[in-house]
Amino acid sequence: MELTLNSSSSLIKRKDTKSSRNHESSSNMSFAKMKPPTYQFQAKSSVKEMKFTHEKTFKPEGEEATERWEKLHVLSYPHPKNDSSVPVFVMLPLDTVTMSGHLNKPRAMNASLMALKGAGVEGVMVDAWWGLVEKDGPMKYNWEGYAELIQMVQKHGLKLQVVMSFHQCGGNVGDSCSIPLPPWVLEEISKNPDLVYTDKSGRRNPEYISLGCDSVPVLRGRTPIQVYSDFMRSFRERFDHYIGGVIAEIQVGMGPCGELRYPSYPESNGTWRFPGIGEFQCYDKYMRSSLQAYAESVGKTNWGTSGPHDAGEYKNLPEDTEFFRRDGTWNSEYGKFFMEWYSGKLLEHGDKLLASAKGVFQGTGAKLSGKVAGIHWHYNTRSHAAELTAGYYNTRNHDGYLPIAKMFNKHGVVLNFTCMEMKDGEQPEHANCSPEGLVKQVQSATRQAGTDLAGENALERYDSSAFGQVVATNRSDTGNGLTAFTYLRMNKRLFEGQNWQQLVEFVKKMKEGGGDGRRRQLSEEDTTGSDLYVGFVRKSRKVEEASLV
């Protein structure tokens, strides 16, 4: 497939119109040899005061807040126009770095970054895969492919968000390639299958190490938290001169898909299908042991032998089960007991990982962030079943996001939330969805906790409706505005004429603090560079092409 910059109304036109997977990277690309725009973005460094709560819950033992830390991770992204400007990043393909540890299609990547810079985006996001970097053995790290990318990003004057991806790639929405956990970790899992999440039927999930063994030295003498810490420390040592500069943000992966949640709705092998409620993931021996200990500590020993027996199966709807139906077990004394433990374990896991990351990256000037999943189906029911199985204790009677927001705030970490592009009216009625209601709740929770909020789109979208919804969410006065937005994802379709124009318009509106929400047409004569000199491209009759293989 070849991408060509020519004189048609499409900025970048595909000669082969056959559709491709939304997360695949470009293969053969051709861009015009033309003088890049000479404009520059004025960047101002601003420091925001960070509020810290003094919660007793989840505070690491022996850790004291210091004045040095209070000034850490609070540098905002450059806002060239006004304080309400929201920088936009674009996710790079999942296979940006190959399994052999090299940058994938570097010439095509270079051309793509040039185009993104011209469109006015702040930077790009890339996954630093545990399964790639530490695949050759414990503490044997290979960062070379990422080093090449970082230098390329810096050359184009862009910023980089790097995700510490401790999960498997493959088996979820949009996964276009397979990157398993490191081979030596899989070897340990084969010896001890309880290292991974397990459902009530005994089905094991290899996406992520079970948080039940966070503090147990099950990985060749190290605990999972120690392994993650060593990985992050290696990254800091390798790229110390870039962190806080071109590397503007470190996002800490805390579960499947990098999100702080349980793998309650796995798509692999048809296990789960939307809008199923999912299943609780608490049946490995480490989680069972924790549940038993918790039950004994509150004087309910009999409740610690197993998870709920009436919670149904992955593809069920809430009313199919005794646990999640309108007046089900979720609202009983037992239901509250179980959910307090189940969600509490997830909060503890996030607290440990963020405390570890804070210790590693303290003093670098880079932002720290973490991702929370936008589980919007069955949000309009009383039990919020799909959120419960994922570990978010959010029901008609209980706010599940304020405790998460407070935990993020404790560490000065930005909460990155998904499904920002979705509207309630676009969802099927039987799924009882409300992505808009969910986003508003999270906005309110982060504002109440004093936590910065960033966003992503959950699905591949190029239409003005989706972009407009993000703009509207950012402009809402009912909760937090966004400190940054990361668009999912760079691929061939993004560079098609109409899609590209929609992105450029969106970036402009976010830079202007959301604009007035009205669609603004690109100027035919705009040569500022922010529209990627569209007028020039359209008027060109002959373009010399440089094939990037």
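Using N, Cα and C of the backbone, Cβ positions are placed for all residues, glycine too.
Because TrEMBL annotations are produced automatically, they should be read as predictions rather than curated entries.
Annotated active site, proton donor per TrEMBL: GLU259, in sequence order. Marked as active site, proton acceptor by TrEMBL: GLU456. Per TrEMBL, the feature substrate binding site maps to ASP127, HIS167, ASP175, LYS371, HIS376, THR418, ASN457, ALA458, ARG489. Summarising the annotation, TrEMBL assigns compositional bias 'Polar residues' to 1-11. The compositional bias 'Basic and acidic residues' annotation in TrEMBL covers 13-24.
Positions of TrEMBL features highlighted on the structure.
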{"residue": "ASP127", "record": "substrate binding site", "Cβ neighbours (10 Å)": "25"}
{"residue": "GLU259", "record": "active site, proton donor", "Cβ neighbours (10 Å)": "24"}
{"residue": "HIS376", "record": "substrate binding site", "Cβ neighbours (10 Å)": "26"}
{"residue": "GLU456", "record": "active site, proton acceptor", "Cβ neighbours (10 Å)": "22"}
{"residue": "ASN457", "record": "substrate binding site", "Cβ neighbours (10 Å)": "22"}
{"residue": "ARG489", "record": "substrate binding site", "Cβ neighbours (10 Å)": "23"}
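Between the residue listed as 'active site, proton donor' and GLU456 (active site, proton acceptor), the C-alpha separation comes to 12 Å. Cα of ARG489 (substrate binding site) to Cα of the residue listed as 'active site, proton acceptor': a span of 10 Å. Across the structure, ASP127 (substrate binding site) and the residue listed as 'active site, proton acceptor' place their CA atoms 15 angstrom apart.
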